[in-house]
Amino acid sequence: MGAVIDDSMPGPGADATGTGPSDARTERETRKLEKRLCRAVGKAIDDFHMIEAGDKVMVCMSGGKDSYTLLDILLKLRARAPIAFDLVAVNLDQKQPGFPAHVLPGYLASAGVPYHIETEDTYGIVKRLIPEGKTTCSLCSRLRRGILYRVASELGCTKIALGHHRDDILQTLLLNMFFGGKMKSMPPKLVSDDGQHVVIRPLAYVAEKDTARWAAQRNFPIIACNLCGSQQNLQRQQVGQMLREWEKKLPGRVENMFNALQNIVPSHLLDARLYDFKNARATGLASADGDKAFDPQELATPAEQVVQIVPTRRSS
């Protein structure tokens, strides 16, 4: 199957407000969502020094909700930023059968965004090398990454912005723990192996539900990927569903897990490359890395697990 587009949506980037009685509430919620997205993306950019004055940022566009949201919010932030930087949207047309090649150019032109469409038949390569029924995501990702690095160099881009969000980062952490035996996730900023490119993820603090809501509000012309993202029973989809179920049962758990990625205590893990366990000896001096070994851990109790025992009177 090839890529598909939801033609039921209005034009690119159009506002989803109507004329019904709930207009005011809808507009208010939209403003709140926009403010939350801008604040989260702005904080990530600032925390990790993602964008600097004079940067030319290549925004990778897949046609999905996340990349549309990324570009839209970066455009809003650029308009009010105290520094000048350029944005160029780049899409890789992988020659999937039925891919609506007109959609992104039409949207980007109407939005006044400089763009570049790179055409490479990675679809044919993947279908030729991967047996039917096997997951194509890994090879497709490697091919796409190499092409995007090349295009970034050709366009003179200093940063490459990807649309991965908070949920992607957590899913990657759990996938690596469950199936790779390592604690590794998606970094908000990294330098490519050859030292030539800087990759940034400005949506690192953004929840997937917010990109979905923003895409619906803005009526982006979404293009679905049927080569990898829509295959059923992939490990990432299963982990994503697990996270959603956890959040439903215990609201706040996913946020706590994400916060843990920014609050690492190497002395309380088992990686001797991060902490010198071999030379850990009693010195008689207090240490910030030490621990009151026999004290109970102070952990927040999930609200749904709190049981209040109320004494009842015996009937006489």
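Each Cβ is built from the backbone N, Cα and C atoms, and glycine gets one as well.
The feature region 'Disordered' is assigned by Swiss-Prot to 1-31.
Residues or ranges marked as compositional bias 'Low complexity' by Swiss-Prot: 10-21.
Nonlocal intrachain contacts for the motif 'PP-loop motif' (62-67), taken as residues 6+ away from its ends with a CB within less than 8 angstroms of a stretch CB, comprise 3, 5, 91, 103-104, 163-165, 203, 208, 211-212, 214-215, 220-225, 229. Residues annotated as motif 'PP-loop motif' in Swiss-Prot: 62-67.
Annotation note: C140 ([4Fe-4S] cluster binding site) sits in a helical segment as assigned by DSSP. The [4Fe-4S] cluster binding site annotation in Swiss-Prot covers C137, C140, C228.
Set side by side, the binding-site residues C137, C140 differ in how many other CB atoms lie within 10 angstroms of their CB, and the most is found at C140. When DSSP labels each residue, the motif 'PP-loop motif' (62-67) comes out as 3 helix, 0 strand, 3 coil, counted as helix, strand and coil in that order.
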